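Before any comments, here is the structure.
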Amino acid sequence: MHILALALSVFTLGQLSTASVLQPLLGRATTISSGCPANGPLSCSSSAEGTCCFEAPGGLVLQTQFWDTNPTTGPTNSWTIHGLWPDNCDGSFSENCDPSRDYTDIGTLLTQQNASSTLTFMNEFWKNLPSDGTDEEFWEHEWSTHGTCYSTLQVSCLPEGSPRAAEAVAFFQTVVGLFQTVPTFTWLENQGISPSTTETHTLASLVAAIKAESGFAPTFGCSGSTLNAIFYYFHLSGSVIDGEFVMIDAPESSTCPSSGIVYPPK
């Protein structure tokens, strides 16, 4: 389920005009090329239909991360990957867009298509809660639920002769690459905010800390008063395969209280 399926804030395109410079995805090395021109129009910049080089209708892209402490998942000094979600520009979203591409055995697909380094990273940083199933099941869910909804990841967008599921492999490579550009744990620590069993925080201070590092405000998620999720928002120029992501201020409200927020250690 989409965690932000709650009372989402309504926003206009005019509120999305203050964007960062284009963000290169450090460490991303996709196995295929989209063939899209550089510096194409940003998603959500018009009401045009989606193409292989213009992401629509899901042009508001969310890079979502977890901070799991009960039980602990992933490294103690890093948040973990949740996914990369293509929300529509008005805050609505679609899911499970192409059941014919509900690929399984993602790990094998990555290995077979020369993306074993991506798989190694995912094994450490893209973790499922044991009560929810295996990591593989989590990856399959994120692809089938969200990945199949990208207009720029349709099979017809792939280079001729691409192997089966090449668009899914590129999706996972991009998710990993984008995650590496938003190091939440390090950014918070740089601003004097570290996990603690006794210290509490205001929502404003958490947002300000990330904004000081990235230039933009994210959305935080809490379970009660316990911090457990963060959402970074982007527009996309070109394809998910190898396009450039532009960070924007969060257009949606946090689920955390205004004060008394606990950021517990793993």
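Even glycines carry a Cβ here, placed using N, Cα and C.
Marked as signal peptide by TrEMBL: 1-19.
For His82 (active site), the number of other Cβ atoms no farther than 10 Å from its own Cβ, over all displayed protein chains, is 24. For His82 (among others), the entry in TrEMBL reads active site.
Among the features that TrEMBL reports, active site is placed at Glu142 (among others). Other C-beta atoms found within 10 angstroms of the C-beta of Glu142 (active site) number 22, with every protein chain shown included.
The feature active site is assigned by TrEMBL to His146 (among others). Within the same chain, the residues at least 6 positions away from His146 (active site) whose Cβ sits under 8 Å from its Cβ are Gly83, Leu84, Trp85, Pro86, Glu95, listed in sequence order.
On the backbone, the CA of Glu142 (active site) and the CA of His82 (active site) stand 8 Å apart.
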